[in-house]
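In TrEMBL this protein carries:
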- 520-706: domain 'STAS' (DOMAIN)
- 82-101: transmembrane segment (TRANSMEM)
- 108-124: transmembrane segment (TRANSMEM)
- 130-151: transmembrane segment (TRANSMEM)
- 172-191: transmembrane segment (TRANSMEM)
- 255-272: transmembrane segment (TRANSMEM)
- 284-303: transmembrane segment (TRANSMEM)
- 331-354: transmembrane segment (TRANSMEM)
- 408-428: transmembrane segment (TRANSMEM)
- 434-458: transmembrane segment (TRANSMEM)
- 470-499: transmembrane segment (TRANSMEM)
Amino acid sequence: MLRPSTQRYSVTRPLYSEDAFEDEHAKVYRKHKTFLHHVIQYFTYGFINCTSERAKNTAISLLPIIGWMKTYSFKEWLLNDILSGVSTGLVAVLQGLAFSLLASIPTWYGLYAAFFPVIMYFFLGTSRHISVGSFPVLSLMVGAVVTRLVPDEGLPANITAFEGLTKEEQRVLVSASLTFLVGLFQLGMGLLQVGFIVMYLSDTLISGFTTAAAVHILISQLKFVLGLTVPGFSGPLSIIYTLESVFTQITSTNIHDLVTSIVVMVMVLGVKEINDRFKSKLKVPIPIEIIMTVIACGVSYAFNFSENHGVDVVGKIPNTFESPIAPSLQVFQMAAVDAFPIAIVGFAVAFAVAKVYSVKHDYVIDGNQELIAFGASNIFGGAFKSLAASTALSRSAVQESTGGKTQVAGLLSAIIVLVVILGIGFLLEPLPKSVLGAVVIVNLKGMLMQVVTVPYLWKKDRPDSRQIKITIMFLFITYPACFFSFLFLIIINLSFLIFSPRCSVLANISGTDIYRDRKDYVNIYEPEGVKIFRIPSPIFFANIDFFRDKLKDAVGFNPLRILRKRNKAVKKMKKLLKKGELTLTSVPVLHPSEDESNMEDLDKPTDYSDLPIQVNWNAELPANIQVPPVNIHSLVLDFSVVSFLDISALKGLKAAIKEFIRINVDVYIVGCDPYIIEKLRNCKFFDDEIKTSIFFLTIHDAMLFINESHPPKTVSEKVMKTFGDCTSLICSFKD
C-alpha cells in the first residue's frame with residue numbers, strides 16, 4: 001500500500017463564494033414537509049391505501065406471533081424450545097419466590113409474575129429470547145410503594161378498598177394496583193409511539209440507577225440472611241435506618257440462616273463462574289440455583305428447621321389461583337408518581353436485553369410494540385395480583401443459552417410455573433427464606449460490578465460519570481428521591497433530541513476538491529465503489545444507533561448480516577469440499593482441516609484458512625449459496641463537524657467500523673478533531689483491525705489515496721477469481 005506522506009497533489013479551480021458557486025452549479029431545491037403535513041399524510045395514506053396486504057401487515061405488527069409462527073420449524077426448533085422452557089421455568093420459579101421478598105408481599109405472588117405476563121407477551125412481544133417475569137429492581141421499587149402505603153408499624157394509608165382486609169391482603173392490593181397502573185403507562189406510551197424514548201436513556205444512566213438500587217436490594221436482604229426481624233422503612237434515609245436496625249440486632253443472628261446463606265452463595269457463585277468459563281464446552285449451564293434449592297428444601301424438611309431452629313421458611317403455598325381483582329383508584333392517585341419511573345425502567349431494561357439478542361440472532365424488534373406487549377402483560381398480570389414484569393438478564397441468558405429459539409420456550413416455562421403452583425408447590429414450603437435472600441444477592445453481582453466503571457468514566461468521559469454519580473447519590477440519600485432524580489436525568493437526556501440530524505451522502509463537484517450532498521446538485525460526480533458519509537452533529541449515546549442505521553441505508557446493506565452470511569457460506573463450502581460434493585476446476589483440490597471450531601462465532605472475521613480458493617463474493621456462488629453482493633470497496637466518514645464523542649458512541653463506532661473492515665470494505669475518517677483522536681487513543685479505540693492510518697485531513701486527501709489503491713482500470717484485477725456455475729468452481733491457489 002502506498003504511503004500517504006509520499007504523495008503530493010494540487011488543485012486548480014476558481015475561487016468561490018457561496019453565491020458564485022450556486023450560480024455556476026445548478027442546485028436542486030427540495031420542498032421540506034412540515035410536521036402537520038407528515039401527520040396528514042400518515043392518516044390519509046392509511047385510509048386511501050387500506051389494502052388487504054396493508055391490513056395483513058398491520059395485524060402482524062400488532063400480533064407478532066402470526067409472523068414467526070408461520071416460519072416455525074417444528075423439526076429443528078421444538079426440542080430446543082422444550083429444553084429451554086423447562087430450564088427457564090425452574091429458574092423463574094426460584095427467582096419469582098425470591099424477588100417477591102423485595103416487594104414485601106407473600107412469596108407465591110412472585111410465581112404469578114412468571115405466568116400471567118408471559119402468556120400475554122407470547123402473543124404480543126417481538127423478542128424471541130427474553131424471559132418475561134420479575135426483575136429485582138422493579139420488585140424493590142414496588143416494595144418501596146407497598147411499605148409506604150402499608151407500613152410494618154403504624155396505620156396504613158386512608159384507602160377505602162383496605163376496609164376488611166388483613167395487612168397482607170392490603171399489600172397485595174397495592175402491588176397489584178401499582179402493576180396495573182404501570183401497564184397502563186406502558187400501553188399508553190406504546191399506542192402514542194414513543195418507544196424511541198429508550199434511546200435517550202444512556203447506558204451509564206441505567207447503570208448508575210441499577211447499581212445503586214442493587215445496594216438497596218442487598219441491604220434489604222440482610223434480614224433474611226441473618227434471620228432477623230427488621231421492619232420495613234420508607235422515606236428519607238431509609239437505608240440508614242435499615243442498617244441501624246440490622247446492626248442493633250446483630251447479636252440475635254440465627255446461625256442456621258447465616259450458615260445456610262453462606263453455603264448457598266459460595267456454591268452458586270463458584271458454579272456460575274465455572275459456567276461462564278466453560279460455556280463453550282457446556283451444552284447446558286449447570287442449574288446450580290435449582291440444585292441448591294432442592295438440597296436446602298430437603299435439609300430443612302429433614303431437620304425441621306422451622307420449629308427446631310426458628311428458621312423462617314416459605315410456608316403454605318396455595319395450590320390454586322386467586323380470583324382477579326379490580327385495581328384501586330385511590331392507589332392510582334397515591335402511586336402515580338412512582339409508577340411512571342417503574343414503567344420506564346422496566347421497559348428500558350427489557351428492551352436493552354432484547355436488543356442484544358436481536359442483534360446476535362439477526363432479527364428486528366419494535367420498541368413501540370414492546371411497550372404495548374409489556375403494557376398489556378402488566379395490565380393482565382395486575383388483574384391477577386402479579387408483580388410488575390420486565391426481564392432478568394440471568395433468566396434470559398438461561399433461555400437463550402439452553403437453545404431457546406422463540407417465545408415457545410417462554411410459554412413452556414410458564415407451564416412449568418403452572419405445574420408448580422397447582423401441583424408441586426407444597427414441596428417448596430420448607431424452603432428457608434435465607435436461601436431466597438442468598439439467591440437474590442448472588443443475582444446482584446452483575447449490577448454491583450458496574451460500579452468499577454466509574455473511575456474509568458471519570459478519567460475518559462466525565463459527563464457520563466456525572467450521570468452515574470448523581471443517580472447513586474440520590475439513591476443512597478433516599479430511595480424515593482431516586483424517582484425524581486431519574487426523571488430529572490431523563491429530561492436532561494431528552495434535550496438531546498435536537499441532535500437527530502439529517503445525515504447525507506456526499507459526492508464530488510467535478511474538477512474540484514469540493515464535496516456536497518449528492519441530492520442537492522444536478523451535475524455531481526459520485527466516485528465508483530466509494531461512499532462518503534457525513535453526520536453533521538456530535539455523536540453520543542442518543543444518536544449512535546441513528547447514525548449506524550443511516551449508514552446502513554446509505555451503503556445499501558447491513559455489513560454484519562453480510563459477514564454472517566459469508567461465514568456460513570465458507571463453512572458450507574468447506575464441508576462440501578471435504579465430502580467431495582463440490583469440485584474445483586482448473587486446479588487440484590486441497591482438503592480443508594478437520595478443525596472448524598474457530599468458525600463458531602459468525603461475527604468474527606471470515607476465516608479462509610484451509611480453503612484452497614479465493615472467493616469473489618459479488619459473483620454467482622456454487623451449490624445455491626446466496627450471499628448479497630457488496631458494491632463498494634471504500635467508505636469515507638466525514639467527521640469535520642463532529643465535535644463530541646462519548647463512551648457509548650465510541651463503542652458503537654468501533655463496532656460499526658469493524659463490521660465493514662471484516663467484509664473487505666476499507667474505512668477512512670476525515671476531518672476529525674484532534675481532541676477526538678486523542679480521546680480515541682486514550683480509550684483504546686485502536687487495535688489490530690482499526691489503525692490510526694485510516695485518518696485523513698480532508699475528504700480529497702482520502703479520495704486521492706483511495707484512487708491510488710483502487711484505480712478504475714484495475715478494479716477487476718483486485719477482485720478475486722470468480723466462481724463458475726452451481727456445480728463447478730473456478731478458483732486459484734492462495735498466495
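Yeah, the Cβs are placed from backbone N, Cα and C, and that goes for glycine too.
The transmembrane segment (130-151) and the transmembrane segment (331-354) are in contact, since at least 3 Cβ pairs between them lie under 8 Å (pairs 6 or more apart in sequence). When the stretches 82-101, 172-191, 255-272, 284-303, 331-354 are ranked by Cβ pairs under 8 Å to the transmembrane segment (434-458), first place goes to 255-272.
Long-range neighbours of the transmembrane segment (284-303) within the same chain, counting only residues 6 or more positions beyond its ends whose Cβ lies under 8 Å from a Cβ of the stretch, are 83, 87, 90-91, 94, 260, 264, 267-268, 271-272, 274-275, 309, 311, 313, 398, 401-402, 427-428, 430-432, 435, 439, 442.
Remote same-chain residues near the transmembrane segment (82-101) are listed as 107-114, 131, 133-136, 139, 221, 224, 284, 287, 289-290, 293, 314, 387, 392, 394-395, 398-400, 402-405, 408-417, 420, 428, 431, 433, 436-437, 439-440, 443 (criterion: CB distance under 8 Å, separation of at least six residues from the stretch ends). Between the transmembrane segment (331-354) and the listed ranges 108-124, 172-191, 255-272, 408-428, the one holding the most Cβ pairs under 8 Å is 172-191. The transmembrane segment (408-428) is not in contact with the transmembrane segment (172-191), judged by fewer than 3 CB-CB distances under 8 Å for residue pairs 6 or more apart in sequence.
Distant neighbours of the transmembrane segment (172-191): 103, 105-106, 109, 142, 145-146, 149-150, 161-162, 165, 197, 325, 327-328, 331-332, 335-336, 338-340, 342-343, 346-347, 368-389; these residues of the same chain sit at least 6 beyond its ends, with a Cβ under 8 Å from one of its Cβ atoms. If you average pLDDT over the domain 'STAS' (520-706) in this model, you get 81.
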